[in-house]
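S.K.: The structure's right below; bear with me while I get my questions together.
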Amino acid sequence: METTKQGSPTGVDQKCYDGSLTGVPHFDCQSKIRNAGNHTAAQNANINNAGDKLFMYGECGYRAVQKSKLSRHMRTHTGEKPYKCDQCDYSAARKAYLDQHRTRHTGEKPYMCGECGYRTATKSILAKHMKIHTGERPFKCDQCNYATSHKPNLDRHIAAKHGGEKHFKCDQCDYSATQKYHLGNHIATKHTDDKPYMCGECGYRTVEKSKLSRHMRAHTGEKPYMCDQCEYSTAWKHHLVQHRTKHTGEKPYMCGECGFRTALKSTLSTHMKIHTGENPHKCDQCDYAAALKATLDNHIASQHTGERPYKCGECGYRTVQKSKLSRHMRTHTGEKPYKCDQCDYSAARKSVLDQHRTKHTGEKPYMCGECGYRAAQKSDLSRHMRTHTGEKPYKCKQCDYSAAEKSSLNKHLAKHTGEKPYMCGECGYRTAQRSTLSKHMRTHTGEKPYKCNQCDYSAAHKNSLDNHIAAKHSGEKPYMCDQCDYSAVQKATLDKHIAAKHTGEKPNMCGECGYRTAIKSILAKHMKIHTGERPFKCDQCNYATSHKPNLDRHIATKHGGEKPKVKVTALRCVTES
């Protein structure tokens, strides 16, 4: 039996079905609706659980127990948005959406986290936020150990790491994507030739008139967006929004994975790709993929086209980006426009100042979801993530070598060129890297800028300080040998142990005498026997040696200095007098 109820608020028939369709005994539909208010809570629950969804929409088969829910559903088909904002043109299909929108005008954020004071306009957003404190990660990947507090993050992870199904297909080529906006970006960049709006100054073209208007401000210098608390003005509204946070300190957008906070929603979206591993921007000339389009553009310019249009008139330095040339010019002018408001420090780059500020705040907002590593800088976290992903984006053009960091590639390239332009004025030591020379100079100056905050220890190199903290204060030795009980603070130390103790392999050989060793650094020390290099000099007599421990022992025995601890290695204990 089928009866039809008229009077839908949308003018569309609503159909009420008897229980025979679901196996529930038949009873009068009209009576049930009329008397629903007379049921107890338990009786209503029984009715709802019986599978009796009385109201159905014939177009899509949607069923509802309540007439009001069907009315709301109908708006997804009709496009009706009866709830209007009285302050702007916004309208919504549901009152809850309008209430949420109104907070943009009032600034009201009634929902507050009792743990950290975070406030939001929406109860559901607070519920998601709370998972950061509870550590709840209910959405788990069934193909690896990844887990997250939000389902969209899991969806992106599966698509990026495990080849999720690509539902969105381009109708003009073989391209397919896991997300609709990726397909939109593809079509706009690869297939849309029609860009009717053109800049008369530089030839820039776009598909949107509003984008051309924003672009024109780069030529006119117009900055219509003014800060009401200082003299700052900008050409773009989102820059003003970001600037205002300097006055308010507000960072409303927070990452549910690691607690990172930002003033801009777009910055949070970019940050989330660190956790999901999403790299939607693909190079069409090789396998390279990037999280940001700007990063892909840099890759194409540096690896494929070779084009570097911006050139420094002082030294010939060339780059693919105008902003990079501007930053480079400060190395010649000495300009350091970014000032720390807590000390006298100033920097040529904002990112360097931001990094410096963490020394005052101790803040490390960027956290690795894999191992809990925290960093003060986003770039540090990005580099760290490569230890988990194995990504090595920096490729040598002369051999198969690839590296996770650009500095490692630069060191490698020196093997092909043999060039070592940086020389020590004290001892003639030469190196391919400026940073390596700076570290070397500390052997002459005695400078030890890295201080332990738990004892009086100081070191010339950061990795030495990290090793000290791990060995003396934390006791943590995360790298375990799988062939014996040995454990180490650093992976490199474990690798040396395995090479020396278990493999027997000694790939590093001296070309002068045939001496072989498992460890490259030991060969470098050995070579000083042949070169006669003795960079470590005693400041109290004429003694000089090729190894610093020898100098320490000399000072202790000859000049009454503190007696050093002699480290006995698997090879032999060397004492020089």
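Quick reminder: no glycine exception, Cβ is built from N, Cα and C everywhere.
So TrEMBL has the following annotated:
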- 55-82: domain 'C2H2-type' (DOMAIN)
- 139-167: domain 'C2H2-type' (DOMAIN)
- 168-196: domain 'C2H2-type' (DOMAIN)
- 197-224: domain 'C2H2-type' (DOMAIN)
- 225-252: domain 'C2H2-type' (DOMAIN)
- 281-309: domain 'C2H2-type' (DOMAIN)
- 310-337: domain 'C2H2-type' (DOMAIN)
- 422-449: domain 'C2H2-type' (DOMAIN)
- 450-478: domain 'C2H2-type' (DOMAIN)
- 479-507: domain 'C2H2-type' (DOMAIN)
- 508-535: domain 'C2H2-type' (DOMAIN)
- 536-564: domain 'C2H2-type' (DOMAIN)
S.K.: When DSSP states are grouped into helix, strand and coil, how many residues of the domain 'C2H2-type' (422-449) land in each?
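M.R.: Helix (H, G, I), strand (E, B), coil: 12 helix, 4 strand, 12 coil.
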S.K.: Mean pLDDT for the domain 'C2H2-type' (281-309), rounded to an integer?
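M.R.: Overall, the domain 'C2H2-type' (281-309) comes to a mean pLDDT of 77.
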S.K.: Helix, strand, coil: count each for the residues of the domain 'C2H2-type' (225-252), based on DSSP.
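M.R.: Each residue of the domain 'C2H2-type' (225-252) counted once, the result is 12 helix, 4 strand, 12 coil.
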